[in-house]
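*Asks:* Quick one: the structure is below, questions incoming.
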Amino acid sequence: MSDPPQANNPPVNLLSLDGGGIRGVSELIVLHEIMVRVQDKKNLSDLPKPCEYFHLIGGTSTGGLIAIMLGRLELSTEEALAQYKVLAGRIFGKKNQKSKGHDGAFKATTLEGEIKKLLQNCREDPETLMCGDTTRENERGKAFVCAVPASNMRFPRLFRTYKLSGNSDPNCKIWQAARATTAAPTFFKRISIPGVGGIEETFIDAGIRCNNPAEQVREEAKRLFGENRTVGVFVSIGTGHPGTIGLSKPDVFQRILPSQLISTLKNIATDCESVADQLANRYGEREDSVYFRFNVTHGVGQISLEEWEKISEIVTHTRAYLQDSRISSYVDSVVQRLCDPSSYETGVSLALLCGQIPRQMVGSEQVPLELVSTSYEPYESATMFGRDDEKTTLVTTLCKGHAHVIILGGGGMGKTTLALSALCDIEVIKKHPSRHFISCEGIYSVEALLPELANALRIRKRENLHDEVLTLLCRSLNPLRDNLGS
């Protein structure tokens, strides 16, 4: 992990791009609208590029190919749209279809050739490495794409444009990374990429594992920039809200898996909304949120993944979606954060964005703490259903500055989950930047927590552990006590 960032480091902007075949053009249209509004707001003569405003761009499948275009090749959205249209027509056209019984519905050699042509059009050597330019020191414009080993799909593998220590994947060529992330079993033959010692691994796209790579983007950002770095804006773009999902002619993995199983896997993979819903529930969908999800709700999701001839329909549906007043206001909010980060400070760290309860890097003399949790797993909104009214009441009460709140209920009714969900609410974080969640099952449990609290507070001395921990906790609570006049 990188060193703890300094306080004057600007917040990071994150971009996540779903997979979705030809429907990826919808992502580019949404992003193009954002960049056009940035151009207007800043009165720029040229259309700005996403790599100039987003620190990290991550994508799966189609989204991965777009991430390479925008991050590694540093294209504008206009340039990417032009290249994407040509590429899609050639790889999904009838001339590139294969006969049934073969591995994938389309010829992978054509895809490889078109990706290499794309690189040449961008004045890149087709054999250039994904992380080939070590002279790039700009914090912005970093990108990665997701794929999974065909023999073990448990964890996605990330092919990066930057170096990162610890479990780093081989630095393959750009075209190999693009092939790996787009090697959907329904479409293209898997690809073998040489790694350490020239030993090859076989990859397919990560659509089955993380078609919405938002989880990977935020975790990767934490590793790259440090858990205490704050977030400016987190933008996630989908390829159309799923209705009836599928290929017009399912011809999948047929040598290995039955078609019914593949159809089920495809539906699970393409429906990215469960991940999006979890993030929306945690951070809210409103103009002052740190998280914004854009996903066309009508029309696009019903277009099959390979129907490139319907690209104009995708554009039309996406334009209509962007004209919705609510969506347009969200776009404006994103643009505001990209253009003037100081105008809106979220106070949300990358650790908190990842669902963790972050610890401020403090010495024994530095307080207040940001947040310390020593006895519970990170709160996940997906684990709490209902209790919306109770949570609203609790958040409102905490934000009004009340000193004591008691939650009553029988065992297993969700008191702890409710408390944690309120504790992680953005409004509570703004009101109470110093928060501590400590198990109070009994005096012995509190005493047992002291060593863990000492580690969180970076206390090295153990002679007067009890007194020093309590002193630091009292110091961090003094501002609240003073405000309450008690």
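A Cβ is built for glycine as well, from the same backbone N, Cα and C atoms used for every other residue.
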*Asks:* Kindly point out the range from 39-43, 59-63, 134-138 that TrEMBL annotates with motif 'GXSXG'.
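*Replies:* Feature motif 'GXSXG' in TrEMBL: residues 59-63.
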*Asks:* Among 19-24, 355-360, 463-468, indicate the range for which TrEMBL gives the feature motif 'GXGXXG'.
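*Replies:* Checked against TrEMBL: motif 'GXGXXG' maps to 19-24.
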*Asks:* Any same-chain residues 6+ apart from SER61 (active site, nucleophile) with CB under 8 Å of its CB? Would you list them in sequence order, or say none?
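*Replies:* Expected: GLY19, GLY20, GLY21, GLY24, THR181, THR182, ALA184, ASP205, ALA206, GLY207, ASN211.
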*Asks:* Three-state secondary structure of ASP205 (active site, proton acceptor) from DSSP?
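*Replies:* DSSP call for ASP205 (active site, proton acceptor): strand.
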*Asks:* Enter the number of other CB atoms within 10 angstroms of the CB of ASP205 (active site, proton acceptor).
*Replies:* 32
*Asks:* I'm checking region-level scores; what's the whole-number mean pLDDT for the motif 'GXSXG' (59-63)?
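*Replies:* Summarising the motif 'GXSXG' (59-63) by its mean pLDDT gives 93.
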